[in-house]
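A quick write-up on the structure given underneath.
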DNA sequence: ATGACACCTCTCAGGTGA
């Protein structure tokens with residue numbers, strides 16, 4: 001089974017790119033982030049005609065996640081348990097940043113869009129850390145219930161776990177994505193039992209999944225590795241290969257993120 | 001070996017992204 005994650009930066013603006021990507025690589029399950037739409041706003045016919053089912057979760061023009069599968073889509077769950085609201089005060093809402101379903105032969109796949117954090121002294125940064133803790137707790141709960149669980153956490157984690165995951169640590173000095181608390185929150189998810197399925201085959205430096213639209217970051221190879229597929233032990237053991245589809249970042253109308261693809265023998 | 005921000009909406013300005 002071939003699974004992928006991709007921050008699409010508006011599904012409505014790039015539905016045809018998604019269909020072409022699924023066809024080009026024969027992807028079975030795709031986790032999308034930043035669909036930037038309510039489900040009712042989406043025109044899904046091209047995906048349905050290509051043989052896929054879609055489960056989308058979006059509340060407004062911000063955030064939004066979806067799962068696209070041609071190997072089943074059962075027991076869909078929206079939101080993470082115990083996730084903080086934004087803002088973290090009365091009147092705050094649970095944003096559309098998580099959706100999961102069971103695909104294929106009992107694989108629970110999550111599509112996750114971790115909050116950006118904005119600036120280190122911004123309330124959004126504390127929200128990001130608590131959101132990651134809610135993810136760790138849910139991941140730990142699943143493996144405590146069944147250590148052999150087939151589970152994969154896919155998405156835009158908005159954390160560069162290592163210095164080599166950004167094009168310049170000098171550039172990111174004092175900015176989010178590279179701070180120790182964010183990295184510790186990411187490591188806590190890994191230490192709960194979810195291994196990076198791509199890094200062993202594609203170590204850095206210079207391996208990225210995101211390039212800013214501005215300042216010629218992509219042709220200058222100035223990117224960040226912030227999109228990950230983290231697998232439970234059963235999924236890690238079944239992983240047979242992976243790649244980052246850099247070609248998809250090229251040309252007019254590209255998302256600023258590239259898809260990340262993993263093959264699992266499940 | 002790639003291309004000079006781009007998406008959204010309470011739209012021509014502001015919020016968000018990283």
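Glycine residues also receive a Cβ, built from the backbone N, Cα and C atoms like all the rest.
What TrEMBL says about a protein is an automatic prediction, not a curated fact.
Taken from TrEMBL as is:
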type: ACT_SITE; residues: A:113; note: active site
type: ACT_SITE; residues: A:156; note: active site, proton donor/acceptor
type: ACT_SITE; residues: A:257; note: active site, proton acceptor
type: BINDING; residues: A:7, A:34, A:156, A:158, A:256, A:257; note: Mg(2+) binding site
type: DOMAIN; residues: A:4-257; note: domain 'Endonuclease/exonuclease/phosphatase'
type: SITE; residues: A:158; note: site 'Transition state stabilizer'
type: SITE; residues: A:227; note: site 'Important for catalytic activity'
type: SITE; residues: A:257; note: site 'Interaction with DNA substrate'
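Features as recorded by TrEMBL, highlighted on the structure.
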| residue | record | Cβ within 10 Å |
| --- | --- | --- |
| A:7 | Mg(2+) binding site | 25 |
| A:34 | Mg(2+) binding site | 23 |
| A:113 | active site | 26 |
| A:156 | active site, proton donor/acceptor | 28 |
| A:158 | Mg(2+) binding site | 24 |
| A:227 | site 'Important for catalytic activity' | 25 |
| A:256 | Mg(2+) binding site | 18 |
| A:257 | active site, proton acceptor | 25 |
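Per-residue confidence over the domain 'Endonuclease/exonuclease/phosphatase' (A:4-257) averages 96 (mean pLDDT, predicted model). Highlighted in sequence order, A:9, A:33, A:113, A:210, A:226, A:227, A:255 have their Cβ within 8 Å of the centre of the Cβ atoms of A:7, A:34, A:156, A:158, A:256, A:257, the residues recorded for Mg(2+), and are not part of that set.
Within the set of binding-site residues A:7, A:34, A:158, the entry lying nearest in space to residue A:257 (active site, proton acceptor) is A:7 (CA atoms). Checking the recorded positions (A:113, A:156, A:227) against residue A:34 (Mg(2+) binding site) with a 10 Å Cα-Cα cut-off leaves A:113, A:156. Geometry remark: residue A:227 (site 'Important for catalytic activity') versus residue A:113 (active site), CA distance 9 Å.
Across the fold, the C-alpha of residue A:156 (active site, proton donor/acceptor) and the C-alpha of residue A:113 (active site) stand 5 Å from each other.
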